[in-house]
Every structure is written in C-alpha cells, then in structure tokens.
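Undergrad: My structure is below; once you've seen it, I'll send some questions.
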Amino acid sequence: MKNFIKEDYDMGFSSRMDCCGQFVKYSLFIANFVIFVGGAIVFCLTLWTLVDRSFVNELLGTNLFSGAVYVLLVTSVIICMVSFLGCVGAGKEVKCLLLTYFIIVALVFVTMLIGGVLGYVFRERVQQTMRQEMRSTMALYGSRREITQAWDLTQERLQCCGVDTWHDWNRYGPVPESCCQELFGGQRKECTIFPTITNLHNQGCLYVTTNFIRDHAAVIGGTSIAVAILMIFGMIFSCLLFNMIE
C-alpha cells in the first residue's frame, strides 16, 4: 500500500515537472525566436545607418558613433546565430548547448547594452564636436576630394548650407553650388554669384545634421537596449531548463 501511494506521488510529481519543463522549453524557444527577429532588425538598422549617413563621415569629428554602430552590427549577427543555438538546445534538451548558449548570451548582452548606451551618449556629444569639425573642414573644400564630396552631399541631401548659416562660406570663397535650391528636373537656381535666401538653402547644416544623426542614434540605441532586455529572458529560461534536465 505504501509503495502504491509512493508511486502515485512520484508520478504526480513527475507529471508536474514535465508540464513545467515543457512550458520553460517552449518559452525559451519563443524567446529565442523573438531575439532572432530583434537581432535581424538591429542588423538592418545598423547597416542602413552606415549607408545612409556615410556622406557625413568626414564632418562628424568623432569615431564614437561609428564605433558603436560597427559593434552593434557584428553583435547583431552573433545574436542571430546564438538564438539559433538556443532553439536547438531547447528542442534537443542538450545541457551542453544550453550552457554554451547562456555564456555567449551573457557576453553578447553586455556588449549589446554598451553599444546601445554609446549610441545615446553620442546623441549628447554630437553637436559639441561637429561645429568645430565642420568649420575646420570648410577651409579644405575644393582642395580635398573627400571633404568636398562630404559637404556637397550633406548640403544637397539635407538641404542646408554652411555650419550655422550660408554666410559661413564667405570667408572661404563663393557659396558652393550644392547650396543652391533645386528646381524641377534636377536643375538648380543660380546662387553662387548673388546668394540670397530666395535661391539657396536657408538652414545651417549643423542643426540639420545633428538632428539627422541623433535620430539614427536614438533608433539604434533604443532597439539595441530592447533586444538586450529580451536576452535576459533567454538567459533565465535557459538556466531553468538546464536545471530541469536530468
């Protein structure tokens, strides 16, 4: 009689553990799927940022933002691969894979969080460094191809002129043609000889570019921190499943 009761108790306990284990197992699988999607989104955002803001590289005056973007680009690729490892470990219930998954995710979590924080830190420093760098590069306009191209693309794409105003170009020569307002069909108004507010871009490039970079940094930083928070759930579920597997 005692053995019968003990067997019933063990079966009930095992059943509860099986249900709990299955819940943790599928929760880890879902968490890794969400992390994979998040990593893919961060990869696309960082790649988009590298391509979209490449024309202002010479005017930034700091490598902090570029460094953070490259860190997040590499990290997002690792996240996608590690999330696949977590799914395999959860599906096959292999403790070695789960342990490896936990260690890698913990390291990637710290890197991801640092990259996200650096993106937000850059948002506060961008305007301080860019004004000085932009003024120093204006003297090199026309003599250095990279600087000239950076200024032309910045003024054309962001529809701005000079640092704070188009008058900044007066000390270095005539106003560049890239400052002139565009007409229909890609034609431009003539503004290099007699520049006025009616034929050139009125906003200074410092304000426009600062907002442009800040928006990119905010999107990447926010997404990275969100993915890093999701990774905490992945670590928790992997630990729980690791302890449940005999």
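Even glycines carry a Cβ here, placed using N, Cα and C.
Per TrEMBL, the feature disulfide bond maps to C161-C179. Residues or ranges marked as transmembrane segment in TrEMBL: 26-48, 68-91, 98-122, 217-242.
Explain the structural surroundings of these features, please.
TA: C161 (disulfide bond) has a Cβ environment of 29 other Cβ atoms inside 10 Å.
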Undergrad: Can you work out which residues elsewhere in the same chain, 6+ from the ends of the transmembrane segment (26-48), have a Cβ less than 8 Å from its Cβ atoms?
TA: 69-70, 72-73, 75-77, 79-80, 83-84, 86-87, 90-91, 219-220, 223-224, 226-227, 230-231, 233-234, 237-238, 241
Undergrad: In sequence order, which same-chain residues at least six apart have a C-beta under 8 angstroms from C179 (disulfide bond)?
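TA: Within the chain, C179 (disulfide bond) has Cβ neighbours under 8 Å at Q155, C161, G162, W166, W169, C191, P195, L200, H201.
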